[in-house]
Amino acid sequence: MSSTAMKKKVLLMGKSGSGKTSMRSIIFANYIARDTRRLGATIDVEHSHVRFLGNLVLNLWDCGGQDTFMENYFTSQRDNIFRNVEVLIYIFDVESRELEKDMHYYQSCLEAILQNSPDAKVFCLVHKMDLVQEDQRDLIFKEREEDLKRLSRPLACTCFRTSIWDETLYKAWSSIVYQLIPNVQQLETNLRNFAQIIEADEVLLFERATFLVISHYQCKEQRDAHRFEKISNIIKQFKLSCSKLAASFQSMEVRNSNFAAFIDVFTSNTYVMVIMSDPSIPSAATLINIRNARKHFEKLERVDGPKHSLHMRMR
Amino acid sequence: MKSKNITLFFLTSFRPFHVEPNNIIDDGPQEKISAEAAVLNSRLHYYSRLMGSSDRLLSPPDHVIPQPDDIYIYSPLGTAFKVPGSDHPAKNPSIITIFAVWNTMMGTSILSMPWGIKQAGFTLGVFIVIFIGLLMLYCCYTVLKSPKSISHIDTSDWEFPDVCQYYFGKVGQWSSLMFSMVSLIGAMVVYWVLMSNFLFNTGQFIYNHAHNISEADSEFETNGSEKVICPNLDPGRNETISTLYLSDYRNTSDVSSFEQYWSKTDTVPFYLIILLLPLLCFRSASFFARFTFLGTISVVYLIVLVTVKAAHLGFHLEFHWFDKTQFYVPEFRSLFPQLTGVLTLAFFIHNCIITLMKNNKNQENNVRDLSVAYLLVGLTYLYVGVLIFAAFPSPPLFKDCIQPNFLDNFPSSDIMVFVARTFLLFQMITVYPLLGYLVRVQIMGHIFGNHYPSFFHILALNIVIIGAGVLMARFYPNIGSIIRFSGAICGLALVFVFPALIHMISLRQQGKLSVVSAIFHSFLIILGVANLVAQFFM
């Protein structure tokens with residue numbers, strides 16, 4: 001497969017109103033302008049042009065809109081849409097009253113995937129779970145998961161339950177990203193070694209576009225279980241502010257008497273965050289360490305087979 | 001080696017609002033924010049950056065916002081305070097609650113108090129006012145208590161119709177709504193009659209002043225500076241005030257043409273339509289809610305007026321116990337149900353007492369505050385009723401002349417009364433759209449589920465309401481009767497039957513219903529029915 005082949009896609013599909021635009025906006029920190037909140041079904045696919053995991057392009061599709069026009073367009077463009085798909089993320093609205101219809105559209109998407117991109121990974125998100133009462137959530141999700149797994153055969157689908165109002169969305173997407181990184185176990189081992197060498201309290205590896213945590217190492221228990229999501233939110237807000245000045249965020253150092261934190265570009269797909277609790281270690285030392293590690297991790301990524309086409313980008 | 005990275009430090013002014021837990025300050029021992037609240041806060045900040053400020057796509061729905069205990073106020077200096085009791089709306093001290101209840105209960109029935117006492121006889125009338133006041137107070141207390149006995153549902157924003165729906169299903173909901181409407185629409189009809197009356201008298205006064213006419217109503221008036229008249233107003237017949245116009249240069253045709261165009265029952269009620277129909281069609285009534293203070297001022301002014309009149313006229317009381325004399329009425333009369341009917345509307349607040357008491361700061365004082373409010377209301381009614389009745393100059397006039405609207409007993413040339421009428425007219429014009437809004441919200445909300453389905457729905461409803469008012473003002477402008485009938489009807493359901501039934505049912509569910517209690521509450525229901533039935537025989 002040549003490296004200039006068509007870009008691999010991440011398809012984000014689901015019924016109109018299931019929450020795709022909000023989800024994409026939150027995960028990828030895209031500003032939602034008022035007019036793009038369309039009042040009807042999306043007639044055209046929304047290309048995000050987001051470099052996700054290096055080279056993947058995010059496509060957003062409305063599935064099962066009211067229009068028969070929509071359906072015709074969908075069927076005629078089917079091959080086009082479903083070719084070269086790396087990941088299919090399908091969103092179900094847990095409150096939907098038309099379960100049969102939803103499953104029907106889902107199955108037709110799966111058929112198309114089987115025909116055009118049989119190697120694609122399929123993820124199903126049961127979304128808007130905050131609208132279900134807390135004590136019923138597990139039950140309802142288990143039901144849906146069973147149905148979906150059954151319907152998806154022979155493809156294997158991974159199901160998550162999500163809501164934009166709790167930590168499940170961030171965790172689900174982190175898991176998705178984790179599964180998409182080809183050599184993630186190796187990355188983790190090396191990350192641990194790196195952290196122990198530089199005597200860091202914690203080292204995190206973020207995906208570049210979304211600041212989803214791919215992997216992390218901590219040498220002792222941390223108090224805040226939600227710190228990954230919070231850091232991700234803070235940095236995404238900062239990126240939004242930077243983009244207003246037509247600047248792009250590259251790195252950051254935060255320091256006080258108790259700790260020093262370094263956020264920097266790492267490999268072509270990732271950012272690293274290093275937390276040092278010994279303030280006596282000078283910044284320059286840590287920064288040198290990070291720079292040296294960078295070369296090592298880039299080599300790791302390059303090692304992987306061409307089929308994952310994670311291109312290296314020249315600095 | 002110099003790093004090429006740009007080193008950035010967080011500037012205080014751009015710090016996102018996350019505060020280290022050990023910076024949370026509280027009155028008590030050190031407390032920390034719950035983790036959920038902290039991360040939700042982080043999410044809210046981030047999501048708000050993703051949209052325009054007026055966009056509500058990513059606004060947190062109600063069920064997501066944490067409990068009031070988890071809400072903190074952050075100061076820019078990095079400390080956080082827990083706001084005590086920040087979830088409650090403004091809590092009012094007792095005095096405000098008592099005043100609110102008094103203000104809401106004080107209605108147009110104050111104008112009918114002297115007439116009511118006259119209909120029942122003076123002694124019996126006073127007793128009935130006290131007795132009915134206590135009875136309605138007890139029923140009100142039952143209403144107030146009724147949501148508390150429902151254990152497994154959150155009844156914090158329920159009103160009495162919701163309680164009725166809980167106990168009696170759809171029947172309860174619709175009937176309590178309907179009877180509530182009777183009281184509201186009855187009040188609106190009374191308002192229309194009174195507004196026509198006041199507008200007529202105001203116009204008459206201005207006309208007389210402008211044309212220097214001094215009006216004297218034949219032999220049925222007192223001599224002296226304080227004129228009291230006995231208009232021969234008979235319900236069902238057109239007004240037949242015999243007037244004597246003393247005027248130097250007045251064309252009789254001119255005068256009669258004014259009378260033609262400005263008649264209390266024939267034309268003025270229709271002139272009001274032009275003013276009030278547009279006001280009723282407003283979508284929101286918040287503008288008119290600002291004028292509720294006018295009601296208080298007009299009641300206070302009426303009290304002052306009554307005091308002044310009584311001081312000038314002196315007392316004219318003679319106690320004839322059972323026999324009818326020419327000038328006086330017996331102390332005990334068989335027409336007393338008319339007074340009970342009026343009082344049922346005068347003391348009626350049962351459809352909104354729960355809401356009024358909800359904001360009382362010390363809930364345990366609710367019963368005490370309610371009782372004080374009823375006491376004050378009763379005293380106000382008694383004061384006005386007794387003073388006017390006692391001061392009514394009986395030797396020249398008959399006590400029987402006291403009108404259902406006691407202001408009608410004063411000529412339109414009386415300055416103090418003119419001020420009262422103008423004031424009341426203005427106050428009623430501002431309260432009328434508010435009442436119309438309440439009717440509209442309840443009816444439209446229950447039938448169509450939407451408070452403003454379309455302009456034509458609202459217009460149709462308003463035409464019906466105004467039509468009722470105009471018809472009454474034209475053909476039967478006896479506000480005493482309108483008040484007693486609407487009072488007895490809505491009192492039957494919302495004061496006597498439903499509260500007593502609900503009280504008995506809830507006691508029985510708890511197994512605490514005693515025979516005495518059952519007999520007493522059944523007796524209340526019988527009283528309510530008797531009250532209504534008696535109105536038709538008077």
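Placed from the backbone N, Cα and C atoms, the Cβ positions cover glycine too.
As annotated by TrEMBL, transmembrane segment applies to B:95-116, B:122-144, B:177-194, B:268-286, B:293-315, B:335-357, B:369-392, B:415-435, B:455-476, B:482-501, B:513-537. TrEMBL lists B:97-211, B:272-533 with the feature domain 'Amino acid transporter transmembrane'.
Of the candidate ranges B:122-144, B:177-194, B:513-537, B:177-194 has the most C-beta pairs within less than 8 angstroms of the transmembrane segment (B:415-435). By the Cβ criterion (distance under 8 Å, sequence gap of 6 or more), the transmembrane segment (B:513-537) is counted as touching the transmembrane segment (B:335-357), at least 3 such pairs being found.
Between the transmembrane segment (B:268-286) and the transmembrane segment (B:482-501), the number of CB pairs under 8 angstroms, six or more residues apart, is fewer than three, so the stretches are not in contact.
Cβ atoms under 8 Å from those of the transmembrane segment (B:482-501) belong to residues 108-109, 112, 136, 139-140, 142-143, 146, 160, 164, 167-168, 172, 175-176, 179-180, 182-183, 185-187, 189-190, 193, 337-338, 340-346, 348, 350-351, 404, 472, 476, 521-522, 524-525, 527-529, 531-532, 534-535 of the same chain, restricted to positions at least 6 beyond its ends. Within the same chain, the transmembrane segment (B:335-357) packs against the transmembrane segment (B:177-194): three or more Cβ pairs sit under 8 Å, each pair at least 6 residues apart. Between the transmembrane segment (B:177-194) and the stretches B:95-116, B:369-392, B:455-476, the greatest number of Cβ pairs separated by less than 8 Å involves B:455-476. The transmembrane segment (B:95-116) and the transmembrane segment (B:369-392) are in contact, since at least 3 Cβ pairs between them lie under 8 Å (pairs 6 or more apart in sequence). Residues 94, 97-98, 101-102, 105-106, 109-110, 113-114, 116-118, 122, 125-126, 129-130, 133, 136-137, 140-141, 144, 228, 299, 302-303, 306-307, 309-310, 313-317, 343, 346-347, 353, 357, 360, 399, 401-402, 406, 409 of the same chain lie 6 or more positions beyond the ends of the transmembrane segment (B:369-392) yet place their CB under 8 Å from a CB of it.
For the domain 'Amino acid transporter transmembrane' (B:97-211), the number of residues in each DSSP class (helix H, G, I; strand E, B; coil) is 101 helix, 0 strand, 14 coil. If one looks beyond the transmembrane segment (B:455-476) by at least 6 residues along the same chain, the residues whose Cβ comes under 8 Å of a Cβ in the stretch are 185, 188-189, 191-193, 196, 235-236, 265-266, 268-270, 272-273, 276-277, 280-281, 436, 439-440, 443-444, 448, 482.
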